[in-house]
Amino acid sequence: MELKADDINPEPNLSGRDFLTLADYGEEELLYILETAHELKAKQKSGVLYQPLKGKTLGIIFEKASTRTRVSFETGIYQLGGMGLFLSSDDIQMGRGEPIPDTAKVLSGYLDGIMIRTFSQETVEELAENASIPVINGLTDLYHPCQVLADFQTIQEVKGNLKNVKLAYIGDGNNVAHSLMLGAAIIGMDISIATPAEYQPDYEVIQKAKTIAAKKGSKVEVTEDPVRAVRNADALYTDVWASMGQEQEQKIREQQFAEFQVNEELFSHAAKDAIFMHCLPAHRGEEVSAEVIDGKQSVVFQQAENRLHAQKALMVALMA
Ligand code: CP
Ligand code: NVA
């Protein structure tokens, strides 16, 4: 059979795009990045040198702490032939009040991309609006989209697909929960989120995810009942109860989230071969028991490693 031009699905061209929230990306685009992530992981494992970003520099700005994001972006750009420039907000003038638009315009003259971890999503958006190079969100109070790329790569590896999976997220309706909801909706994966009533995900993000999911025929459920969320789930996900910037609420949150720990009892309501997921860093004895996170169904270190491969795929897509 001869293929007509219309039958051929061209690879999505993501060159020059920002990566601020998953909501800006479609299913095909996300699947394309994930496919590249698998290819780059295979290349890396077999020792193949692949350097499409030779001569390129990624500025890496952190206003919050990081282990995984920093190390995976720095080594990732290096492996792709480029260079990562770590810019602590304590050291650059932005930390002393230089306006974001000025910072964006100045950095655009030197760099080929910027990754930023900061507090407000508006900061990332303002940086992207004023920069002429791709801006990547390395976590804000609202979203953590890079994490979800690695999480979905991990689910594909372990479960073989994303669509026939039910994901349950238990705990705080935070940045990771928001990005998981949007990512699941875009892909058409069912997701159920259980949080205490006062810690539900952001209302607008829930509505956005539900609107997208309705078109895909998948479900986004928000409940206060962890057992309901976990029932028949293929993957159980949790995150810290107090995120960066909420340290002073740690004690009160420990009380309010006590019923939301992912432990063996809760796990027993999930599918038999369910996996345990966590973006890390984790607090054993709080959001997850040591038995679960250190048990044989836990894939947390595979997720952490996939940050490297998924973000390399992202950088190639946006910066090559
Ligand atoms: N999961 C994650 O983003 O980890 P870091 O805070 O160590 O970067
Ligand atoms: N919700 C956590 C994620 C850390 C990777 C935080 O924002 O601190």
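Cβ from N, Cα, C; glycine included.
Since the structure is predicted, the reported quantities are computational estimates derived from the model, not experimental observations.
Summary of the site annotation: TrEMBL records L-ornithine binding at ASP239, SER243, MET244. Screening the candidates ASN161, ASN164, ASN175 against this entry identifies ASN175 as the one listed for that site.
Per TrEMBL, the candidate among ARG231, ARG307 that belongs to the carbamoyl phosphate site alongside SER66, THR67, ARG68, THR69, GLN93, ARG117, HIS144, PRO145, CYS146, GLN147, CYS279, LEU280 is ARG307. Note on proximity: of the binding-site residues ASN175, ASP239, SER243, MET244, the one nearest SER66 (carbamoyl phosphate binding site) is MET244, by Cα distance. Ranking the binding-site residues SER66, GLN93, ASN175, SER243 by how many other Cβ atoms lie within 10 angstroms of each Cβ puts GLN93 at the bottom.
In this structure, SER66, ARG68, CYS279 are the binding-site residues from SER66, ARG68, CYS146, SER243, MET244, CYS279 whose C-beta falls under 6 Å of some atom of ligand 1. Within the domain 'Aspartate/ornithine carbamoyltransferase carbamoyl-P binding' (17-157), the DSSP-based counts of helix, strand and coil residues read 70 helix, 21 strand, 50 coil. In the vicinity of ligand 2, defined as a Cβ distance under 6 Å, the following of the binding-site residues SER243, MET244, ARG307 are placed: SER243, MET244. Taking the centroid of the Cβ atoms of ASN175, ASP239, SER243, MET244 as the L-ornithine site, the other same-chain residues with Cβ within 8 Å of it are LEU139, ASP141, HIS144, ASP172, ASN174, VAL176, VAL240, GLN246.
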